[in-house]
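Trainee: The structure is given below, and queries will be raised subsequently.
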Amino acid sequence: MAQVRALHKIMALFSANSIGAMNNSDTRIAGCFLTGIPGLEQLHIWLSIPFCIMYITALEGNGILICVILSQAILHEPMYIFLSMLASADVLLSTTTMPKALANLWLGYSLISFDGCLTQMFFIHFLFIHSAVLLAMAFDRYVAICSPLRYVTILTSKVIGKIVTAALSHSFIIMFPSIFLLEHLHYCQINIIAHTFCEHMGIAHLSCSDISINVWYGLAAALLSTGLDIMLITVSYIHILQAVFRLLSQDARSKALSTCGSHICVILLFYVPALFSVFAYRFGGRSVPCYVHILLASLYVVIPPMLNPVIYGVRTKPILEGAKQMFSNLAKGSK
């Protein structure tokens, strides 16, 4: 094992020197090396095991959730359509990062082309769509609880189509300037990214140019986009909870709180780790070791995708019943 690792290091250094030599003054670099989790190299194999388990669980859970929603006509409602979008985004996020990270942790395959790095970064930061979908789900619950008689007339198929289009456009519009800014930077010979995957500032720090605009754009995009979504979601749930506690029927109140509870769990699972990671990175400084930042970021791309299907499967009765029906139909069909 030690000889294999030594060989990988020699090959990596040779490739790095070759790439650097070709790019002394180029605006682009041929490729990048991802370090994995620096400071924990001896634990890479052991760390890869829980990451692999969580990734497989996330794929299976979200895959089942999407199949249940698509196969059961009773679940072809706005809330479940948005939930299937969230599950699809979770699969995209974890699949964009984990296979490459596991190849790095297991085999030391750390090289990734520059275009591949930009592509990975694009899909990772495409998670802005998570925020837009969570906002759409909050709006759905707001209409269902605060204006139940108008629910069908407000959330028509046409309106849902517009919401889906807006969520996708929202993410593309935010991400394209980041790609443009990175493409037009001048890069140095150093092409090592201390991370398990490519992200905006990790790539920007490889540049010899001034990256102030990248820093400010990233901060502005996060604050104006995600911050606005958080504010609107909070306002929606304040109105929702006010309406729920005004309900006279105890059963109706319990059902509404159960549905909203699932949504709130998913919202907290998405925003709390993200905000903690951002604030720890920006204000933790040297007091928080680098490997802690990278470990948290790596966990963030697998833990929410792994837990979201569990939260909805356990707490949402129609999905649980739909899953039972789907597996029952599959069992009958196999006989």
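Residue 1 is the first one shown; counting continues down the chain.
Cβ coordinates are placed from backbone N, Cα and C, and glycine is handled just like the others.
According to Swiss-Prot, the protein carries these features:
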- 1-45: topological domain 'Extracellular' (TOPO_DOM)
- Asn23: N-linked glycosylation site (CARBOHYD)
- 46-66: transmembrane segment (TRANSMEM)
- 67-74: topological domain 'Cytoplasmic' (TOPO_DOM)
- 75-95: transmembrane segment (TRANSMEM)
- 96-119: topological domain 'Extracellular' (TOPO_DOM)
- Cys117-Cys208: disulfide bond (DISULFID)
- 120-139: transmembrane segment (TRANSMEM)
- 140-158: topological domain 'Cytoplasmic' (TOPO_DOM)
- 159-179: transmembrane segment (TRANSMEM)
- 180-215: topological domain 'Extracellular' (TOPO_DOM)
- 216-236: transmembrane segment (TRANSMEM)
- 237-256: topological domain 'Cytoplasmic' (TOPO_DOM)
- 257-277: transmembrane segment (TRANSMEM)
- 278-293: topological domain 'Extracellular' (TOPO_DOM)
- 294-314: transmembrane segment (TRANSMEM)
- 315-335: topological domain 'Cytoplasmic' (TOPO_DOM)
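Describe the structural context of these features.
Mentor: Confidence in the topological domain 'Extracellular' (1-45), given as mean pLDDT, stands at 59.
Counting same-chain residues at least six beyond the ends of the topological domain 'Cytoplasmic' (67-74), those with a Cβ under 8 angstroms from any Cβ of the stretch are 80-81, 83-84, 87, 318-319, 322-323, 325-326, 329.
Long-range contacts of the transmembrane segment (75-95) within the same chain, counting only residues at least 6 positions beyond its ends with a Cβ under 8 Å from a Cβ of the stretch, are 55, 58-59, 62-63, 65-66, 68-69, 123-124, 126-127, 129-130, 133-134, 136-137, 140-141, 144, 155, 160, 163-164, 167, 266, 301-302, 304-305, 308-309, 312, 318-319, 322.
Taken through DSSP, the topological domain 'Extracellular' (96-119) splits into 18 helix, 3 strand, 3 coil.
Long-range Cβ neighbours of Cys208 (disulfide bond) (same chain, at least 6 residues apart, Cβ-Cβ under 8 Å): His186, Tyr187, Cys188.
Under 8 Å from some Cβ of the transmembrane segment (120-139) lie the Cβ atoms of residues 79, 82-83, 85-86, 89-90, 92-93, 96-97, 100, 112, 163, 166-168, 170-171, 174-175, 178-179, 182, 197-200, 203, 221, 225-226, 229-230, 232-233, 236-237, 240, 263, 266-267, 270, 301, all in the same chain and six or more residues away from its ends.
Within the same chain, residues 78-79, 82, 236-237, 239-240, 243-244, 256, 259-260, 263 sit at least 6 positions outside the topological domain 'Cytoplasmic' (140-158) and bring their C-beta atoms closer than 8 Å to a C-beta of that stretch.
Long-range neighbours of the transmembrane segment (159-179) within the same chain, counting only residues 6 or more positions beyond its ends whose Cβ lies under 8 Å from a Cβ of the stretch, are 78, 81-82, 85, 118, 121-122, 125-126, 128-129, 132-133, 136, 139, 200, 214, 217-218, 221, 225.
When Cβ-Cβ distances below 8 Å are used as the criterion, the topological domain 'Cytoplasmic' (237-256) is approached by residues 138, 141-142, 145-146, 264 of the same chain, each at least six residues removed from its ends.
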Trainee: Could you give the number of helix, strand and coil residues in the topological domain 'Extracellular' (180-215) as assigned by DSSP?
Mentor: 13 helix, 4 strand, 19 coil
Trainee: Can you count helix, strand and coil residues in the topological domain 'Cytoplasmic' (140-158) using DSSP?
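Mentor: The topological domain 'Cytoplasmic' (140-158) comes out at 16 helix, 0 strand, 3 coil.
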Trainee: What is the three-state DSSP composition of the topological domain 'Cytoplasmic' (67-74), stated as helix, strand and coil residue counts?
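Mentor: Counts, helix then strand then coil: 7 helix, 0 strand, 1 coil.
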